[in-house]
Amino acid sequence: MKKYIPNSITLANLFCGTIAVVLAVENRLDWAALFVGLGIFFDFFDGFFARLLNVKSDLGLQLDSLADMVTAGVVPGIAMYQLLKGSTWVVENETAIAGFVPYIGFVITLASAYRLANFNIDTRQTTGFIGLPTPANTLLILSLPLILQYEPTEWMISMLQNVWVLIGITLLSAYLLNAEIALFALKFKDYSLKNNGIKYLFLAVSAVLLILLKISAIPIVILLYIALSLVTKR
């Protein structure tokens, strides 16, 4: 019976992802972000329980990637599509080119698919990551419409409604997902400060940033994650 527990949690991730897809298509990105957050929560605990119960399997690995493809691949692509569709240049230009531009957002979906497929066959990613994990990338992308909706400032609105900034973020996201950059994973073999100091530092600084800056802290936290990983892997 216990072997079904991790896969059931993975399916809960997929269920949240499918709901998020519908909400994102309807441009209800705040609610989509909520269900993505729930999906990522389940995504963390399916692996945790698989290790705890010693029931890791090839089926679970494949199922996990399929669920992540929806929650952390399709949804951020739709979110970027909606952001590009609402950008000032696209709204003000009724040309065929302007109509096509929002679809550039799905480059994130394509890059996520490649990253997830590569993860399943890359033996280097058992204790850490090569490239930005799809859940982290999704948090980055989904934070943008939330910042616009709940914590808008004049310069932030100007930046996140600029089509070139959004295209730049899209391309950067696709690059980071598949870049040969070694990143640490928030997995603990033990809880000693000696072996996990950089992880505790990351969690502590992230908590402070989130308390002070709220949603606006999420992009900074992702950049901090990359920066600390680069420092520790040197």
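Yeah, the Cβs are placed from backbone N, Cα and C, and that goes for glycine too.
As annotated by TrEMBL, transmembrane segment applies to 7-25, 31-53, 65-84, 96-117, 129-148, 163-188, 200-228.
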> For the transmembrane segment (96-117), which recorded stretch in the set 7-25, 31-53, 163-188 gives the largest number of Cβ pairs separated by under 8 Å?
Replying inline: 163-188
> Between the transmembrane segment (31-53) and the transmembrane segment (200-228), are there at least three Cβ pairs closer than 8 Å, leaving out pairs fewer than 6 positions apart?
Replying inline: no
>> If you count every Cβ pair below 8 Å, which range out of 7-25, 129-148, 200-228 shares the most with the transmembrane segment (65-84)?
In response: 7-25
>> Which residues of the chain, 6 or more past the ends of the transmembrane segment (200-228), have a CB below 8 A from one of its CBs?
In response: 132, 136-137, 139-140, 143-144, 146-147, 150-151, 156, 176, 181, 183-184, 186, 193
